[in-house]
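> Pulled these features from Swiss-Prot for this protein:
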type     : residues : note
CARBOHYD : N120     : N-linked glycosylation site
CARBOHYD : N173     : N-linked glycosylation site
CARBOHYD : N180     : N-linked glycosylation site
TOPO_DOM : 42-225   : topological domain 'Extracellular'
TOPO_DOM : 271-308  : topological domain 'Extracellular'
TOPO_DOM : 330-334  : topological domain 'Cytoplasmic'
TOPO_DOM : 379-443  : topological domain 'Cytoplasmic'
TOPO_DOM : 465-498  : topological domain 'Extracellular'
TOPO_DOM : 520-593  : topological domain 'Cytoplasmic'
TOPO_DOM : 615-632  : topological domain 'Extracellular'
TOPO_DOM : 654-699  : topological domain 'Cytoplasmic'
TRANSMEM : 21-41    : transmembrane segment
TRANSMEM : 226-246  : transmembrane segment
TRANSMEM : 250-270  : transmembrane segment
TRANSMEM : 309-329  : transmembrane segment
TRANSMEM : 335-355  : transmembrane segment
TRANSMEM : 358-378  : transmembrane segment
TRANSMEM : 444-464  : transmembrane segment
TRANSMEM : 499-519  : transmembrane segment
TRANSMEM : 594-614  : transmembrane segment
TRANSMEM : 633-653  : transmembrane segment
Amino acid sequence: EPRKFDPTFRGPVYNRGCTDVLCCVLFVIVILGYIALGTVAWIHGDPRKVIYPTDSTGQFCGQKGTPNAKKAILFYFNILKCASPAVLINLQCPTTQMCVSKCPDRFATYTDMQLLYRFNKSHWDYYKQFCKPGFNNPQKSVAQVLRDEDCPSMIVPSRPFLQRCFPDFITRNGTLTVANKTAFKDALDTARSVTELRDAANGITSIHEAKEVGMKIVEDYASCWYWIVIGLFIALVISLIFILLLRFTAGFLLWFIIFAVILLVAYGIWHCYWEFAVLRETPGADVTISDIGFQTDLHVYLQLSQTWLVFMVTLGLTEASIVLMLIFLRKRVRIAIALLREGSRAISYIMSALFYPIITFVLLAICISYWAMTALFLASSGDAVYKVASGNPNCKYANQTCSPESFNRTNITKQCPGAQCLFAFYGGESLYHRYIFILQLCNLLVFLWLVNFTIALGQCTVAGAFASYYWARRKPADIPPCPVFSSFSRALRYHTGSLAFGSLILAVVQLIRVILEYLDHKLKGAHNAFARFLLCCLKCCFWCLERFIRFMNRNAYIMIAIYGKNFCTSAREAFYLLMRNVVRVAVLDKVTDFLLFLGKLLIAGSVGVIAFFLFTRKIPIIQEEVPVLNYYCVPLLTVILGSYLIAHSFFSVYAMCVDTLFLCFCEDLERNDGTTAKPFFMSPGLKRILGKAEQSPKKSRG
C-alpha cells in the first residue's frame, strides 16, 4: 500500500544495519575461491602453449633458450594429409610437424633432390633444413624416407601465417597458382594440382586476405592514433560542456538536441540520395553487394548504388521513428524534460558524481583482466598428450595415446608401418584436467557476477547521493557533505550482500544466455527445425528476462540506497511503487532514455562529422598533417564509438539521477499532498508541469 506521511523522513536512512548477510558471506567466499582458482590455473597453466606452436615432439617453436630458439615457424611434412585449416591450427594433422627458421620458397621433391645431389650437393643442403634434425643420409631410399617420415616427400613455396607454413596461394587472372604453377609432381612422380593444396588448406586464402586487411588497419591506427586521441578528447570536452549547459538551459538544449538530430539525420538522407543518384548513372555501379561478396578493399562497397540505398532507407526509418515519437509523445517529452532539468540541477550540486564512472571503469578493467588471464592459464593447463598417427585407415591403434620414449619398442610400428607417436594437444587424465571446462564456466560465472556487482555498486552509490538531494528541504543547505562518498561507504558497509544477491541473479541469467548462444552456434548446420525453433524461443525469453531483471535491479538498488532494506524487500517495494505509477513509468522512463540517447547520438555524430572531414583530408588548414589511410572508415568508426562510450559514461550518471528522482517523485506524491502541513519536496518547476500546485492553508485547515 502507499507510504504514509512521515514528518521525520529526510531521505536516505542513516540508522541502518547489514542486509543479506548470508549472500555477503557467500560472495566473499566465492571471491577467495576465485583467487584460489586463478592461483591454481597460474601454477598449472603455461601461456607458451598458446603463444608458440608445438612440433611433433612437444617442443615450442621460437622459445628462447631452446634448440628451436631461431626456429619460430611450424612446418608440415605432408600438408595434403591435413583435412582443413582447423585441423592445422589445432595441431592435430596426421603428419610430422617440425620447427623451421623459414618456409620453403620453391617446388622440390625428395626424388628430384637425390638426382640433383649427385651433381650439386647444395640441393641437399637446402632440402635437409626441412628434414628431421640429425638426419643426413640423402642416399636413403624414397620408400624408407617416406615410411619413417625422415624428410618431407615434397616441399612447396609457402609463407608463414599464424606461425605456420602454408602454401603461398596467389590468384592470377582468376586462376589459383602457387609460384606461378597450377600443377606439380610429388615424390612418387604423381601429378598433383594446386587445387588439392587449396582443398587441404581450405579457407586459407580468405584468412590470408583478412590478415592483409588486419595489417593495413594496424598501419592506419599506428599512423593516426594521436588524431584519434584528439577526437576522443574533443568528445570528452563536449560531454562536459553539454552537462554544464543542461544546468542552465535544459529545456532549450534538449529541444535543440531533438531538432539537431532530426536535421543531422536529414542531411545524412540527402547525402545518401545524392551519392545514390550519381552512382545510378555510373556504368557498373548497379552491381549488388551479394554479387561482389567479401572484398578486402572496403572502398569497393562505396562505389555501389545499392550501398547508399541501404544507408538512405536506414536513415529514413530512423528519421520517421523520431518524428512520430515527437508527435504522439510531446506531452510526455515535456515532463521528461522537466525531470532532466531537475536532474541537471541535482548534478550541479553533486558534480563529483560525474567522475564516479572512473572508479567503475578501473574496477571493470581489473575484473576483465583477471578473467582473461585466468581463462588463458586454464586453457593452457595440462601436459603434452601424444597419439598414434597413421596414414593407414585400417590401423587399429590410430588415435590412441602413446609415449614417444617407448613407442619404437611396441608392436604398433610392426602392425602399422609408418605409424608415428606425434604430439596432439595439451591435456591430462587428472581430476583437475578432467574438469577444465567446468572451471572455465565457473570462471565465466564469477566474472559476470563481479562485473554486475561493480555496476550495481555504482548505481547504488549514485542513487544514494541524488536521493539525499531530492529529500533535502533546503537545497543545498540540507544536502549532507560529500554525498557520493557517504553513499559509497553506506553501500559497501551495509549492503554488499544485497548488491551481490541482485548481481548473482543477473549473472546466472547471462550465463544461461551465453550457453544458449554456444548451442545455437553448434546447431547452425543441424537440420532439426524443432530444436532450432525451441532454441530461438529460449534465447528470446531469456533476453526479455535479462532486460526485466536489469530494470528491477536498478530500481531495487535505489530503494536500498534510500531505506537500507534487503534486496527482496527493496525489489518488492520498488515494483509496487512502479505499478502504482505504471502509466507514468511506461512512457516517461523510455522517453527520458530516448532524450539522453539523442544527446549521446548528437555528441558522437558531431565528433564523427569532424573526424570524417579530417580523415578524408578535406580540411585545408591541416590537410598535409593528416596521413593517407588505407581504410579511413576504421579510425572514423573508432572515434565515433569512443565518443559514444565517453558520452554514455557521463549520461549513465545522468540517467541514474533521473531514475532516482523519478522514484523519489512517485514517493513524494504518495507521502505528501502539497498542503502546508504536507508540502511536496519536488521543485516548483516539476510541480507546475505536473499540475500539482500547492494547496492553500485555508483548504488544508478545512
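Each residue, glycine too, has its Cβ placed from N, Cα and C.
Not measured: the values here are computed from a predicted model.
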> When you scan the chain for residues with a C-beta under 8 Å from the transmembrane segment (633-653), skipping those not six or more beyond its ends, what do you find?
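Distant Cβ neighbours of the transmembrane segment (633-653) are 217, 220-221, 224, 227-228, 231-232, 234-236, 238-240, 242-243, 298, 347, 353-354, 356-357, 361, 462, 596, 599-601, 603-605, 607-608, 611-612, 615.
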> On the 0 to 100 scale, where does the mean pLDDT of the topological domain 'Extracellular' (42-225) fall?
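A mean pLDDT of 72 is what the predicted model shows over the topological domain 'Extracellular' (42-225).
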> Near the Cβ of N120 (N-linked glycosylation site), how many other Cβ atoms are there if near means within 10 Å?
9
> Please determine whether the transmembrane segment (594-614) and the transmembrane segment (226-246) are in contact (criterion: at least three Cβ-Cβ distances under 8 Å, sequence separation 6 or more).
yes
> Does the transmembrane segment (335-355) come near the transmembrane segment (226-246), with 3+ Cβ pairs under 8 Å (pairs 6 or more apart)?
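Yes, the stretches contact each other.
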> Would you mind listing the long-range same-chain contacts of the topological domain 'Extracellular' (465-498), meaning Cβ under 8 Å and 6+ residues beyond its ends?
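For the topological domain 'Extracellular' (465-498), the list is 9-12, 16-25, 27, 343, 346, 349-350, 352-353, 356, 457, 558, 560-562, 564, 566-567, 570, 656-657, 660-661, 664-665, 668, 681-682.
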> By Cβ distance under 8 Å, which residues at least 6 away from the ends of the transmembrane segment (309-329) in the same chain are close to it?
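Sequence-distant neighbours of the transmembrane segment (309-329): 258, 261-262, 265-266, 268-269, 272-273, 276, 289, 587, 591, 594, 598.
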> What does DSSP say about N120 (N-linked glycosylation site): helix, strand or coil?
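The residue in question, N120 (N-linked glycosylation site), is coil (DSSP, three-state).
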> Could you break down the residues of the topological domain 'Extracellular' (615-632) into DSSP helix, strand and coil, giving a count for each?
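Residue counts for the topological domain 'Extracellular' (615-632) by secondary structure: 4 helix, 0 strand, 14 coil.
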> Within the topological domain 'Cytoplasmic' (520-593), count helix residues (DSSP H, G, I), strand residues (E, B) and coil residues, in that order.
64 helix, 0 strand, 10 coil
> Can you tell me how the residues of the topological domain 'Extracellular' (465-498) break down into helix, strand and coil by DSSP?
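Its residues fall into 21 helix, 0 strand, 13 coil.
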